[in-house]
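Novice: Dumping the structure here so I can ask a few things about it.
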Amino acid sequence: MGKLNIPKTIGIWSVQALIGTGAFGSVFLVRTEVKSSKKFGYAAMKVEKRRKHREEEVLRMEVWVLKKLQGIPSFCTIYNLGQTAEFTYVVMTLLGKPIDDLRRMQKNRRFSTATTLRIGVQLMKAFCALHRAGFIHRDVKPANIAAGHKRADVIYLFDFGLARLIYTDESKTTLRPRRKKVK
């Protein structure tokens, strides 16, 4: 991904800092001062360079999945969507540290049995909701599971850029057909 020219302000969002970068985009800490907005405070803004063909945009899939899961625990709330001539962005719930980082911070670099069970139960509920919404994740790893920022007792599943739609009917559940060409 080439370097994006991200302005200091995008709509009501003031870009505070870079949180991280990945293969398809970057995530920024953003803040809004608009007190009348339910979005008041800090959030995460995921930014992806615009592509020639919309189907190549990974962020598009992520937004589609999250829209189907709004209001369900363990999934980010979408606060704002938009695009500029250079990039597409989504503003969503700010998360805490990924569970792999949290695990490394523990004594003996392990979670207690009780903590492991609490994380496991929340993840199973999240996967059930994701599958009921008609999607599979395809990139499950500790770096894509995080504690909440405001509520560390809530576990979030995120990064749905590689997710795929599952077709379901009465008799079977199948993946959408494979793409003919991968770029």
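Yeah, the Cβs are placed from backbone N, Cα and C, and that goes for glycine too.
All TrEMBL annotations are machine predictions without curation.
Okay, these came from TrEMBL:
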type	residues	note
BINDING	K46	ATP binding site
DOMAIN	13-183	domain 'Protein kinase'
TRANSMEM	12-30	transmembrane segment
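Help me picture these features in the structure, burial and contacts included.
Specialist: K46 (ATP binding site) is surrounded by 25 other CB atoms, counting those within 10 A of its CB over all protein chains shown. Mapped onto three states, the DSSP output places K46 (ATP binding site) in strand.
Panel annotation: around the transmembrane segment (12-30), residues 1, 4, 6, 37, 39, 42-49, 58-59, 80, 91, 94, 159, 161 of the same chain, lying at least six beyond its termini, place a Cβ under 8 Å from a Cβ of the stretch.
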Novice: Take every residue in the domain 'Protein kinase' (13-183), average their pLDDT values, and give the whole-number result.
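Specialist: Mean model confidence (pLDDT) across the domain 'Protein kinase' (13-183) is 89.
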